[in-house]
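Asker: Handing you this structure, nothing more for now.
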């Protein structure tokens, strides 16, 4: 019996035998197989060969921890299911059974006691955008497809069967295939119009004896038997979304598709600046990450060599060709580098100057020595042209350059730390000025912000703008503190400030050395915590605040 | 016509009706292994009718001596080569045969016999081309050409298709201008006298629909010819006509209009985009109330309806977000100087230019695109008024667009929640972040600008942490990159603020260093995501990662040298790391020369730094030596 299959081709050339004038069309793929003859044919590719080329590599990736996906596409009868599932007879098994067998063979060979494996499988069918569980007979109706931040895209309530050896998987696959057939018969539909997705969840668990911690590496192996590619529209079984050819869609129900394609044409590629509300098919959605993310994906295009299938075969090849270019839209949009580039260019220039001047300063040092020796010698030098090539710089010139160089170097070396130091000295100056006015300054230099010493009596300013209130603090020192416009300890300026506005007397309590507990206010009306404070009132230790109702501006 | 009363005619009409029924209704039940059974039956019937008609016609011609023939002959010079008037008995007879040819043509095409189908359609055209265009044949004229358009497009002969369709288009316009009577429906050619014709209203609507299809097919033809502007225009007209003749499903129409807005956005035609969006929002409400959660629990149908309505409305909201975002981003592009800052001169200039824009011109453009029947028109307009379609030129204008965008973000997130819709939800968050980012451009106060970026960090950081990179690798990378850039931006701003204050305290420095470190952390996470499971960095980067990866390295290099420390040893360490990172970029490009083009500027600067940084490092070394 002949098996028909032509898998992804290294170079496929297709010629329309009905219209010989048409130019042959060429397509390039990674592998190309001929399986339409028998073993005797030297060009015949066996199931084993296909598995070795595609399956083995994929399994390796799964062991490495990648998600893996293999899907088969093509016209019904061209050999999709044969490639994926194959037959029970020896040598006729497809990729899925061979891969499962291989998986268990490799895990069985493991001798590392700290490494353990677990395998779970699920099997589902997508028909008319509805997902059906093929392994759980009790599951009824369509299952919901959802995404979870940790678990990724998943099918809600889809049963996952733990398996320990290949025969478990074989049984489940068999059950699933039967369920698929039964459902198809009951609902008067054919399996060629549904997608079947067989998923293996492969977990490698490593126990670390040192930390007695387990680390897990999970990879998802998705094996997809796509619906027949023929007349996909009329059957309602949608495959991946690909751009339309030159055909015109007849029905206005497809207007959305046309508009999306139109919008897509501009938005795609560089920057996803638009949103196209075109819902992906369930399948595309489930396999989204497989189409350009952290996974390894292989596509097998099954072709029929019969000339009657020319159109279908051509469209399958085109599809496969386009599928190669499928990428997720998730590109990285970086910010422009303009500012950084400018900054860096400046720095490069500074460094270059430094380099130059370093070279120069070496020269200058050399020439300095040279002139020095001459100046110590008694020989008259006037009018004698310097002989050394380094001496064509005059003394003055050299000195000037040296100065310049030093300036450049100094500037270059002015790192943040120095800038800080500079700032610090400016701050000290400012502080000194404030201190002169009687305003005290926080230890770390900042004068802005709410900062109230707890135990020392002090004055703070008030302002209508709460941000500017309590920005200034005036300590009341032991003994007499005089507040006013002139010749005082705390200098305030303003319309209502008298020359000697008020006087605070802070007496040191003998029990509490150094701390003032009584402050006498004399002379004028001030407000203590917003209450009118009359002369001779005292400010207590526990509330050592006195507000001066002055706009900060007046200070 | 006497024949109309004959039993023969009666049979013809019955057969015709049966053929219609077989083709339209029965064919849907055909089995998989014989998918065209009913179509073939219909075809046979049509052929029989054709024979009978021919017979009747010959009989009639015999009966009515040479009267009618004469008429045909006389009509020869009537009107530029037309041999008879469309409404003459001969014209009607021809049209009747043409209708049969039309249905035979469609039947053959539907059963995948394209050449035969084409032949029949051409026969159809030949028959009616002899006659002037009248209400009898105008509909047939358009429909036959529609079919031929599809046929030729399917054969990849787009220009040919275009020819048929454009003639159909001009014929419609001509007929509506010169005649405009309700045309005769194709079905109405085969009815018994006394039997009711289709209602005028229905006939009209079918005729208009045929023309709507012409426009729709032309849209596709233009798309295939890469005349996208025209394609968009014809899609727009299709939508307009659907609304005008009330031939639409509200949700479907709304989504299509919203999608069209996205096309306009990419063309920076914001007035059109806004009109589409406003119409989409209004028409979507015609789909009915969203069933309550309680109702959804009661029945599956309600549940599905609720799900669908919520989803579609959220999708429209997402289209609105893109509108706001692009509007602001396009304005930014116009207003920014060469380092991405607001160019004040440019701003003044644009503001002045805007005052001069003739609003009249806008209005003219607008009337051509208007959607809406009288009952929806007002709601569409009032929705439009809520957001500007002019590029914002200052913070206030940008802010009002931002706020609209933000409200749609909230709306879109209702359906696209994190739980269940991870990818969509994050895409919305990314848009929200982008809205803040572009708003920050308009903000002149650096502190406030910094706060806007902080908001971006706050919304993206937790998501980035929670996401499983095995399933969402690409999204994770996008988020890492964006976070790194956002922290970088904040660092830059902090620096600028500190520069202005001239008073960097310990706190500011700490903050600054933290921002640097955070930025580096995310660039590093991004770079680590490229490593193999064994932790190996690939020798050759994939195309779509090449530039981002090298730019990340380049930025890390810069950040490492920016860290502030008073400790010389730390300074030395930071600079050494920086040098290593610059070196990576240079080395990679040496080993993979094809990478050079992708990072030209960065490579140039990295090379410079690789040769210059050791100088700085040596200085610190010697400083350390002299300290000891």
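FYI, residue positions are counted from 1 along the chain as it appears here.
Glycine is treated like the rest: Cβ placed from N, Cα and C.
All annotation found in TrEMBL is predicted automatically rather than curated by experts.
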Asker: Quick one: which of A:367-394, A:395-422, A:423-450 does TrEMBL have down as coiled coil?
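Answerer: Within the set A:367-394, A:395-422, A:423-450, TrEMBL attaches coiled coil to A:395-422.
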Asker: Inside 10 Å of the Cβ of residue A:77 (ATP binding site), count up the other Cβ atoms and send me the figure.
Answerer: 17
Asker: Report, as a single number, how many Cβ atoms besides its own are within 10 Å of the Cβ of residue A:81 (ATP binding site).
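Answerer: The answer is 21.
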Asker: Whose Cβ, among the binding-site residues A:74, A:79, has more other Cβ atoms within 10 Å than any of the rest?
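Answerer: Top count of Cβ atoms within 10 Å goes to A:74.
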Asker: DSSP three-state call for residue A:74 (ATP binding site): helix, strand or coil?
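Answerer: SS state of residue A:74 (ATP binding site) = strand.
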Asker: Within 10 Å of the Cβ of residue A:78 (ATP binding site), how many other Cβ atoms can be counted across all chains shown?
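Answerer: Taking every protein chain into account, the count is 28.
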